[in-house]
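Each remark here refers to the structure printed beneath this line.
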């Protein structure tokens, strides 16, 4: 039987006295688990800094005025371009003559590396632990950031290779963070702790875009190269601190208080990290709630990557923002998303604790806000014309509402299967990022040589349509109930069945060997 813990975002199997698992003398407050959550938050922020800084840097790297543009498709809807702005734009151009299509491949190369390591690290982190994979992977990501300027000067092929390797290093961030949350955070705290960690994505984007814009305009080493030197150094410092000061789990942590350790371990009955039964692959792949999460994740990543990788380019080509202003304006939607994600997680907790909504209803309501909101925002922004203020405001509201996904499908893995949440996240995040890496490529082909409002309207319509289709699929097939294939009560029976099958196999093998020996005699 499944029970829904009051005020929690994850389902736990009934366990007598679960609310009374706090050890005597434990008073709550800040503890080691909050330190781990904070470090994972910074790690997620660092990961998204590395992911998004190229989106702003490439605006400064490319010589836009040298690119061929179809004369019949020149955007004159907003009137003639101000000659003064043209001079300013020319002075801000870089030295690389890369077409929109090639820019799309450069921006997506990171994600090719990123998706390859999702599933392997999800499986390995469950078997060998997540801390080293996460720390070393992000260290590789940070160190290779220093090589981006050299690679760009050597040729776009080398730049694509370096960004691909950075993506490989960042692969462990999501599945390993999920695995560590399952080991460190009690079920009744996972909603807000999980939202806090994944809000690091927006925090990193908010920091990366405006700071990258400032470094492009005023930084050392020619401007844009300083982006990768600064963030590479920050990332390296975080990796060293994480590896030295964060432990794999409460049991291996030397500095945690005994009362807090007992509280965490006692609350993890039937959760990831406390037992490791065989992974029910076939049942997972036949589970519609799993595929609902998968489709919601894929739609989210396509829309999100479209905006994250293309918004700075749109701001320059259509709305004519300077490089310095571009970073600040492009970051505004993600600031709204960060703030809204924290607000909606509290609302979701209130909906559950009120007893008026179950987990399935809360997930679908909040996720609908998170996916339909940006879709509507994209449709409206595609038709705002030359009104820069209105376009930015609508995108900020639409992307801000996207923060609902962190209390929607993003934590739904922990609902349907707490023990296999890391594995499920690895699979959904892998396919979602495969979908997401198509976003800059599709956008690049659409606006190639024709950076007009009409072409950008197509880009926005496609992203909005994907949001709606995938969000609707989730609303039809999603669930907040723990699935029957993740039942801790059946572990002993399954273990006995597996042992009996293994013994029978060994007996047959021994009998066959005996028959072969008798035949030989």
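Here the Cβ of each residue, glycine as well, is placed from N, Cα and C on the backbone.
All TrEMBL annotations are machine predictions without curation.
Since we're looking at a predicted model, the values are computed, not measured.
TrEMBL lists transmembrane segment for one of the ranges 84-104, 105-125, 252-272, 273-293, namely 105-125. For the transmembrane segment (132-152), same-chain residues at least 6 beyond its ends with a Cβ under 8 Å from one of its own Cβ atoms are 43, 46-47, 50, 54, 61, 96, 117, 121, 124-125, 158-159, 161-163, 165-173, 176-177, 180, 221, 224-225, 228-229, 231-236, 238-240, 242-243, 246. Using a cut-off of 8 Å between Cβ atoms, the transmembrane segment (331-352) and the transmembrane segment (158-181) share fewer than three residue pairs, counting only pairs 6 or more apart in sequence. Between the transmembrane segment (458-477) and the stretches 158-181, 226-246, 372-400, it is 372-400 that has the most C-beta pairs under 8 angstroms. In this chain, the transmembrane segment (420-446) lies apart from the transmembrane segment (226-246): fewer than three C-beta pairs between them fall below 8 angstroms, excluding pairs fewer than 6 positions apart.
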